[in-house]
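The structure under discussion appears below in the form of structure tokens.
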Amino acid sequence: MDIMELLFETIPVVIVVSLSSIILFIQGINNCKTCGYQELSSKDTGDIPIGSTRFSTIKRDVTKIVIILLQIGLFGLLFYLRYEQDENDNFFLSIALVICWFYALILTVVSITSGSRKWGWIINTHLTVFYVTATFCSLLQIRTALYSHVNSITFPKLKRIQIWISLTNFILSSIITLIAITTPKGPPLINNNRPVFAIEYCSLWDFIMFNTVNQLMKKAYYQPTFNDSDFDQLPYSLRTSTLYNDFKRWRDHSLLYRIVKANKKVILLQTFFTIISGILYYSPFAFLYRFIEFVQDYQVGDRLEWGLIYVFGMLLSNVVLQLSVAQVWYWSSCILQVAIKGQLNSVIYSKSLKRHDSHVTSLFVDDNEDEKKDDLEDSEKDEGNDNATVGKITNLMAVDSNRISEFATWWSSIIDCPIELCVGFYFLYQLLGSSCLYGLLMMVFTLPINHQTAKSYSKTQDKLMKARDRRVDLMNEVLQGIRMIKFYAWEKNWENRILDSRKVELKQLRNTYIYLTMFDLVWIVSPVLVTIASFYIFTKIQEHELTASIAFTSLSIFYELRFALNILPEVFMDGSQAYVSLKRIEKFLNEDEIADSGLESGENILGHESKISFEDATVTWNRLEEDIIEEQEFKMKNLNLEFPIGKLSIICGPTGSGKTLLLMSLLGETHVISGKVNFPKSPTDPINYDLNPSNWILPNSVALVSQQAWLQNASIRSNVIFGLPYDEERYEAVIKMCSLEKDLEIFEDGDMTEIGEKGITLSGGQKQRVSLARAVYSRAKHILMDDVLSAVDAHTAKHLMNNCILGSFMKGRTIILVTHHIRLGLSGASYLVAMGNGKITVAGAINDLKSSGKLNTILEEADSRSEDVNDSAELAAENVVKDDADNVKLHHVIGSSTASSSTMVENAENEVNLDNVQKTKKKIPKKPKVLVEEEARPTGAVRLRIYKTYVRANGHIIFWSLVVMIYIINRTTQIMESWWLKVWSTASIEDDVNNNYTSIHENSPFITAVNITPVSQAIIPIYSFNQQVNRILSARILSSYYNNDSNQEYNEAHSLDYYLNIYILINLLSSVFGVAKFTILYYGGLKASKKLYKVLLHQVLRAPLRFFDTTPVGRILNRFSKDFETIDSKLSGELSWFITNILMTITTTFVITAITKEFIAAAMISGVIYVFVGILYTKASRECKRLDSVTRSPLYSHFTETLIGIATIRAYGATKRFMQYSFDKIDTNHRAYFNMWIINRWLSIRYNLTGAFVAFFAGIFLLYNINTIDSGLAGLSLSFALNFSEQIMWTIRRYSLLEMSFNAVERVCEFSELPQEAPAIISPRPPAAWPFGGKIKVENLAVKYAEDLEPVLHNISFCIRGGEKVGIVGRTGSGKSTIALSLFRFVEPSNGKISIDGIDISSIGVEDLRSRITIIPQDPILFSGTIRSNLDAFSQYEDFEILSSLKRVHLIPSELEQITASDASSSRTLDRRGSVGGKSLMSRRGSRSSNVYDNINVFKDLDTPVSEGGKNFSQGQRQLLCLARALLRSSKVILMDEATASIDFATDEKIQQMIRTEFVDCTILCIAHRLRTIIDYDRILVLDQGNIIEFDSPHNLITNHESLFYKMCQNSGEFDQLMSLALKKGNKDV
């Protein structure tokens, strides 16, 4: 027996045991370290075993021990026999085998006794590798034993025993391998009643074959769609909370370091399998070369044994390679990618909870005037902006984190490619000698091109991301301010503005495509150059013969090298994208944080009463450079205040004096330049479910009622309790205190009514009172209230003050109240702070201020205007209704569908009659209506019309005809390349092909070599059936080349140059069309992106308001961000690859079948497997992708909602709770994402292993036909067969990826088909001067919000004369808002009409209507930019007109008007685009000389920045800016909705006077909340329950004792003043 054969039987097992012992030793040392892996219990993870049965593998362990002992006994016997026979060379090998099995026994015993599942799993993995190796070695032992038996003349007893031992060894090794590989890691687990993903407890076989998703694939077969409930819980290591807690441990290091450190183990595993795969990658080609060489050297009658060995070698090496590759991609895509995505998303969200919420965009401008004309000017300026906007932060989650996580999947190619290149070129060197080095030199020449292209691509990517940020920011602002845009008919202007931004983005996208095309060119041409150079040197210079074995093995290696050669530039390209994204995220993470956010620590001393004070503090909104702080930033200097604990303190002052800044400074939301601010911080986990009234209030806990109420997209009750346990008694009391009972009665679903994003379905007063109720219900000891009374009428304000703020629930609680209603709270207040222009004018205890006389000074102005009188129009109407209940029905219920449309202007402030409410009937509980429906998603395959939409957007018939032609030509040239190599390599063969036509029945070497009768009997009939077909095939294909005579003529006729030149020509054609196929689809994709975006934008902007009420902004923004990122960057590439792969699959099948007819049987069998597996995969992956898209929207909505309400969340100490919310939403998204990727692994392993067997059978069929197939055809067939399964797999994968990408088109098309408002323009259009006089005539107007609902307005009719000023009054639900909505055509009448100056408004377009009339809403909406761009968004007015409007609303003092105007005109050149111009801001800084203690009036400079949402201005200032914007329009018809609620009374009186004097010729409709506001109007329209009760002058109504208005005035509490004003107005009119 050959000693080498014995070594091959033994050495692999010895190597495995040696490596196993070393690895186990290292793992044991690492486990002993304190920082090593700690095994977690069920208590730590929350995962508990299913059922009560104890998990045990004892039966399996006993069986394994028995088999190991038998193996030891067998090899001990073999050792004894060999020792007896004096076979000294052999018995040492037997000793080695005995030792190896003893090692297995020791490990098995350790595994049983360790009691650790972790170590049990590790040891079982080591043993399984050992058992598998032993099984393959046993096959070699059987071959050796049988070979000895066949070739021995004598057959001694030892040989017979060796055969039996070998067979027994194989059987026992196979059994123990089966047991070990199917032993589960542990019992099935559940977490929160959801099964945990089986990867946590599955067997090794299920792990490597990805059988863990088999149940999901069954669901895919039986169910039409997936839901989140169909997915198992993520493994503990991939849950967001786990990822975040690991990631934050290295927060002081760079982001890249943190990513690597947190994922070190996964990266090491990824690297290990990558190295293994790289080494094994070309092992199948080594067997391919030997096989083709065998066919080439084969002579009739030779044995086929080595041919079979080479085919089996190809199979085995392919299987091992594919298992290794599967593990690389599992750890890369399923684990590392999901982990990094979760880590980044969670840390971005965490940072957003801690970052300083900046209130300014940028005070810096680009000094380079020459760049002004550049399309990217705006985005380049953003580089100076360190403050992330909502859109930009959303992009960090939607795009940047995704890019980094995707690169984590591919980065291992940096390791893999060099290994593949080294191994590949080693093989090539063995085949081609030094000529392959010249080919390598050609590759080196392409590296500078790659480098320069990658560098340019990186720059373009950076610009593209900035352009995309700007567009998403604009889109976010548009969606946040959509009501203002629609009221002002700005849809077209904003659409053009966004399209201009999109144009800049598309320009960068075009540049990106250009560089991608250059990458494609290098990707295709460089391996071609390598191949041509190598073959040229090999044949032409070195004069070697290019045989089939060399040609096709080289070609296969070159084909694989093509990916290795070019994947590196692609990886560097993706890496440059990831690096840009990494820096963007790192820049965000390095932004300033608020002091002591306490997100992780939550440190607080409960029971310790911290003081609330300012000690020599200087505060400002933003952390800016010193010169900017001194000159530009609003600041408050040298503050010294101490608010009393457990008492009410009042802060007052005019609009813009810094009241909110003072309040936010207490919360730590501002920048403290110097001094100290003392204020307690809420504990971050204040919820305790064992609560009672005695322990409800939590010391040092804080609540905030912000000026602009922030509410969550949830029910009213959820907003009030805000995560606390529901205490019915406390809750009901709070509802009464906050005057919410009547409002809850109005809503059909009561307090379970869903209120939409930002409380969109509630009026301003309702939102404010819900926000107040949340603070009162909370456990906070200290409550800050920022102008909480501004959104409610004075009577309701008095009720809130007396019953709520000064009520029993607030006793002992510290209340700091910002308000203009000073007198209301004086009786219960202990401390007062009066402010003016950022300075404290008066501060002290109320008693001290009284005694000093300072209090009287503060109150004098208030007394002169009686700001605290009870002049509520709505309350008065409510009280009249109660007095006259016999005539007017008490309750008019409006469904939740109507409430969503009443958000425009309607307040619902009304006093609650507690006794009456208690008597009302309890509503029968029912399921509340859902305002925001769950996001719809199609089921099944993507609809054909979606494909048609995209195809048509790319181009028409000529474009697609050209595409088809280019792809067919490209694939044809690729096949010709291989075919021509076959012609070239076989041109020198002179053997007569007729010699190969020997009957297989007579002397087929296949049958004689196999020497197994059943096999030969099975094969012969198959061959007999196809023998004639084979002869015909051989004659057709081979006769022209293999006939001796003709072949000599052929060689004489054509020189080497002939073959080489044609080969070069074919390759050049293939390269040209290879680049062209990508380029043409890039062009089409760019065109489609532009067209689809334009359609979507137009349709969304023209959608009715109801759509925006019921659709979260995050859901809409998802279409414009992530979905279009897919359409822009991925779709054209996916389509190109799919077409390429499907052509390759079809042509490959044809080529192999043409050479070996038998292959059609294998192709059909494998085809059935491929189709079945492919259908399951496509269906499952498609649904996972859809769920991934759908579950992203709630994540983005929650994220956006958090960013808007961050100050409130931090004040309540709810950061941990919101972090947990985000963790849950990220996990929900990642469940779909993780399953989507593991399904890919499930498909790949099955396709690749099937492909290995397909190649195996192709080799068998070639051996079967070896007499009729030459080496050239064999090489052509096998080189195609080796790639056959990979091509099919990628065809299915590419189709699935294409369908996933088309999911983005599907979602875009869904929103591109939204119901639309009435047409913007209807011809004939109204005259340019319309409306001429402002006459409004309403005739029989009836309005329903839906066909199945009752009318809200009941056939009302009235007429308003031009220039008349009409007040509209009535209680909540009377129809005031409906009239306003009807006037702007946001609701269409079911009957009747509205005419303005004789033109029926339903006959003109909504753009013409809304642009000619003006509304001044209560909720002010500003956009990021400058004051100029907000007042004159589209450059329609001159600066003096803008400044005049600011003066009229008293944002600029009148005496400064001329000075300001001249200064503005002389100091700069106007930038009519509304952006800050050049150096103007810096140049003005030096010229200003103001007192360092005075803040500059920023409104004098029209280029003063306005941050996103106008956060750098107070609520009152924002209202005045909106009023100034309305004044610029100079409309004849103006609708007002108490547009001065948040401004001080002095300014309010001036504004009202301005309205009375400057709007003399305008028709004004004022929806009034204060009767004093409208008492001097021309007429009053009194509404109730959709009917007009009265319509007459205030004088006539108030003097008519029977009128409803008279009773309202009586109930208001200021009847004498109202009567006096009405009489004065009446006398004046007379």
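We number each residue from 1, going along the chain as drawn.
Each Cβ is built from the backbone N, Cα and C atoms, and glycine gets one as well.
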The annotated transmembrane segment range in TrEMBL, which must be one of 774-792, 1135-1153, 1287-1305, 1553-1571:
1135-1153
Which sequence positions outside the transmembrane segment (953-970), separated from its termini by at least 6 residues, show Cβ-Cβ distances below 8 Å to it?
1069-1070, 1073-1074, 1076-1077, 1080-1081, 1084-1085, 1087-1088, 1091-1092, 1139-1140, 1143
Long-range neighbours of the transmembrane segment (1159-1177), counting only residues six or more past its ends (CB under 8 A):
217, 220-221, 1149, 1152-1153, 1239-1240, 1242-1243, 1246-1247, 1250-1251, 1253-1254, 1257-1258, 1261, 1277, 1281, 1285, 1288, 1292, 1296
Long-range Cβ neighbours of the transmembrane segment (1062-1084) (under 8 Å; 6 or more residues past either end):
513, 516-517, 520-521, 524-525, 528, 531-532, 535, 954-955, 959, 962-963, 966-967, 969-970, 973-974, 976-977, 980-981, 984, 1132-1133, 1135-1136, 1139-1140
Averaged across the domain 'ABC transporter' (1336-1610), what pLDDT does the model get? Just tell me the whole number, please.
75
Given the transmembrane segment (266-289), which of the listed stretches 119-141, 426-449, 1245-1266 has the most Cβ pairs that are under 8 Å apart from it?
426-449
Can you work out which residues elsewhere in the same chain, 6+ from the ends of the transmembrane segment (1135-1153), have a Cβ less than 8 Å from its Cβ atoms?
963, 967-968, 970-971, 974-975, 1077-1078, 1081, 1085, 1159-1160, 1163, 1258, 1276-1277, 1280-1281, 1283-1284, 1287-1288, 1290-1291, 1294-1295, 1297-1298
Residues from the same chain, set at least six apart from the ends of the transmembrane segment (6-26), whose C-beta lies under 8 A from its own:
89-90, 93, 96-97, 99-100, 103, 122-123, 126, 129-130, 133-134, 136-137, 140-141, 144
Which residues, given as numbers and ranges, are at least 6 beyond the ends of the transmembrane segment (119-141) yet have a Cβ under 8 Å from it?
5, 8-10, 12-13, 16-17, 20, 23-24, 27, 57, 64, 100, 103-104, 107-108, 110-111, 162, 165-166, 169-170, 173-174, 176-177, 180-181, 183, 185, 204, 316
By a Cβ-Cβ criterion of under 8 Å, what residues six or more beyond either terminus of the transmembrane segment (1245-1266) are in contact with it?
208-210, 284, 291, 295, 298, 304, 307-308, 310-312, 314-315, 318-319, 322-323, 325-326, 1005-1006, 1019, 1023, 1030, 1152, 1156, 1158-1159, 1162-1163, 1166, 1169-1170, 1173, 1274, 1277-1278, 1281-1282, 1284-1286, 1288-1289, 1292
